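S.K.: When I checked TrEMBL for this same protein, it listed these features:
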TRANSMEM  B:102-119  transmembrane segment
TRANSMEM  B:140-156  transmembrane segment
TRANSMEM  B:186-212  transmembrane segment
TRANSMEM  B:232-257  transmembrane segment
TRANSMEM  B:333-353  transmembrane segment
TRANSMEM  B:359-378  transmembrane segment
TRANSMEM  B:425-447  transmembrane segment
TRANSMEM  B:459-479  transmembrane segment
TRANSMEM  B:485-506  transmembrane segment
Amino acid sequence: METMKLRGIGKKLLTIYPSNNVLIADLLVYIPAVILYCCYLKETSTKKKIASALCILLYPSLILIDYGHFQYNSVSLGFALWGVLFLSYDWDLLGSLAFCLAINYKQMELYHSLPFFCYLLGKCFQKGLTGKGLVLLIKIAFTVVASFVICWLPFCTEVEQILQVLRRLFPIDRGLFEDKVANIWCSLSVLIKIKNVMSPQTQLKLSFAFTFLTLLPACIKLTLQPSLRRFKFALVSCALSFFLFSFQVHEKSILLVSIPVCLMINEIPLMCTWFLLVSTFSLLPLLLKDGLLLAYVVTTLAFLTVCATSFSIFEKTSEEDLQLKSLSLSIRGYIPSFRAFPKIIKSLFIVSVTLMGILTLMSATLTPPQKLPDLFPVSVSVVSCLHFLFFLTYFNAIVLWDSRNGRNQKKIN
Amino acid sequence: MAAAGGSGGCWFLALALGVSLLKCLLIPTYHSTDFEVHRNWLAITHNLPVSQWYYEATSEWTLDYPPFFAWFEFALSHVAKYFDQEMLVIQNLNYSSQATVFFQRLSVIFTDILFVYAAHECCRYVNGKRPGKELLEKPMFVLAVLLLWNFGLLIVDHIHFQYNGFLFGLMLLSVARLFQKRHLEGALLFAVLLHFKHIYIYVAPAYCVYLLRSYCFTENKADGSLKWSSFSFLRITLLGLIVCLVSALSLGPFAVLGQLPQVISRLFPFKRGLCHAYWAPNFWALYNAVDKTLAVVGIKYKFLDPEKIPKASMTGGLVQEFQHTVLPSVTPLATLICTFISILPSVFCLWFKPQGPRGFLQCLILCALSSFMFGWHVHEKAILLAILPLSLLSVESPKRAGIYLILTTTGHFSLFPLLFTPPEIATKILLMLLFTVYSFSSLRALFRKEGRLLNWLETIYLIALVPLEIFCEIVFPLTPWKLKFPFIPLLLTSVYCALGITYAWLKLYVSVLTESVTVRQKAE
């Protein structure tokens, strides 16, 4: 009798709060992380802080995927954000703990693991491997191992169980890509059918090779000269490399790249807004399938309006604002006509946004021709992929040509 | 936003665009029977000749707005046929295809442009004593947000579904015109508004007295009192002409057809009960509550005979006449007399001591509130009639800001029972929190130097709304009383808000009357 009553109460609760659960998870983990991060940004006015927080919270993709498509991504992303927040205060242990929690919640967070590792390793090296650095290294290693053990304890009964969990987490048997993703392999398959040319083993090795090749430079630079700013840029470039070149990537993995980009919205507003718009656009086929077209259009317009009014992105397009001063100085030596940089960037942005708008309209209203049923999803993927390659070069350029290191410059977070 | 301050109107457009996008997001939410009401009216006006409009009764939702609104629906129906022809068939009761929902919601969002324009006009006439500060702290900006993003208007118009946006736009625009001393335009706009929705007759006394006193009498004596010799026949003739012209345009066709009695009976259905199924939080809600308590106490202590008490409960969900058990029953005439008596002081104030447009606005708000307090069959949505004009006064004086906060928070909270479906719970709580937090923080920042806006008693009252909401929405459905007394959450909400609204009404009245006394003393 009692159990029946409890079950009845439980059912009632579920009917009252079906989709409100995600909101609760958001409120507990993700939103506090965003607000605290913006509160403690250094050298920004209160207004900029509020504007940053607003823009980050209004980021369309996370809202659409978590509430529309229905997932709980904000928990793992929130934990990763807490990790970044703690690291910016030099609370390395808490930061590593938060990040381990993020990984154990969703293994996609492994995309961020290399920058965390390299940054902390670089810090240890800086402090000297014989003294304080070694102590720090041991403490971090212990924290990581302990948190993994605690999380995996229920599954550690047999080796077979652990292997099964790993097999489920990393489905290598599924193939190079599934459906239409804004990823190199999917875009290349328009020209060459990679799946038919190479065996699965070679595919695995090829994607491994490309991924690590593209993220190594940034990681090495981060280990040798760790600074918080470089760490954040490395988060973006590593996650983007993984997204573009890795195995069995879902289009939702773009969220892992977007959240670190959101963190830099008050430093390079134009490029961040541009990237975030493209990332939402790359999810269009998925959103159309879920019937989220109206929500997509409205949230994207709202996001663009808020960013445009808060950060006046169209005025800040010089090289200095795009953090490319050192790179452009070196290029200007070779190509004198590089002076029209702001205009080029502005026109590229407008062309890109118009293109995305047109493709959205076409995907929503027109039916594709019989011979090419996947015309619109594929074009969305290819366009997004090209944009992402451009951003990959951009973010890597910032990390590699950035001649500032954390010691003798004024602290810019 | 600092950079956007340089481009003046940019922030207003951004606010308007932002709220329109939010309204688009609310398109797929729950809509009430009012949706079917308007679909039915689209069908009636599209298919039938004018002579049949006020006689058609296939659906229970007959046409009960004045003719201008019927013509408005007629115009809309010509656009509707491109969305879905089926919605225009009268027999398709409760037809709500996706295209229908999309069209109707879009029409509300589109007609809100008038409200945006009116808000823009009102913002220009806000008197900010502290100019030149940052944009977010300017009275203009605060007023724009309080008007454009008003929570009550959002949920009533864009979720529950009604067309209040452009009607309030007309009212605010007429107020703005009176502020600009364009009296004839203001009068015209109000006359038109009356023929769109006759509920605005509640504030007609304020308009009549103000126009008579401050427009028809062109001058005042030195001490501010009436100068009878300055009466202008031309002006009163013009006003009369405007009103007659508008009425002729609206009611003329029906007078010619001899249908006026039918139209009047449709517009003023006095067969309905004193209170709606959910009691609007006015004086009669408190009256009913006292009556019920006395009845319960009486039965318990054997003062009353249980056989003589009627079984039907006032909150049974049916809209019908009923009798009170202990206290005397209330007739429509009694409510009319009460309303009349309650608006007299404010109207006298406006006549004997006019303080220009601001005095008129105060009188308008008091008329709206008094009619809300004592009217017959008042809807809880009518509280918006008082809240929106009060926003104009709230950014100018800290006293008004305090009253505004109490009235708005309780008024908005009393609208909660309109949205009772589970998915809307989170939406309404979030939007309410956003609006309330913003109104408190911005008004407090605006009047930082004047001390606290609310005293401790008022603050406690407002904070107690949170546990009340938790009880009504979460705790009560899980208790065994839900089956026996299903109306308890509605009763509690209604009575609790009635206390707050009555308090705000009395406080506003007292402050307006004492202000006019001090003005008179200063003049003497």
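Including glycine, each Cβ sits where the backbone N, Cα and C put it.
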S.K.: Among B:140-156, B:333-353, B:485-506, which stretch has the highest count of C-beta pairs below 8 Å with the transmembrane segment (B:186-212)?
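M.R.: Checked against B:140-156, B:333-353, B:485-506; highest Cβ contact count belongs to B:333-353.
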S.K.: Pairs 6 or more apart in sequence, C-beta under 8 angstroms, 3 or more of them: is that satisfied by the transmembrane segment (B:140-156) and the transmembrane segment (B:232-257)?
M.R.: no
S.K.: With the transmembrane segment (B:359-378) as the reference, which stretch in B:102-119, B:232-257, B:485-506 has the largest tally of C-beta pairs below 8 Å?
M.R.: B:485-506
S.K.: Checking distant contacts: for the transmembrane segment (B:232-257), what same-chain residues at least six beyond its ends satisfy Cβ-Cβ under 8 A?
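M.R.: Counting only partners 6 or more residues beyond its ends, the transmembrane segment (B:232-257) has Cβ contacts under 8 Å with 50-51, 54, 66-68, 184, 187-188, 191-192, 194-195, 211-212, 215-218, 263.
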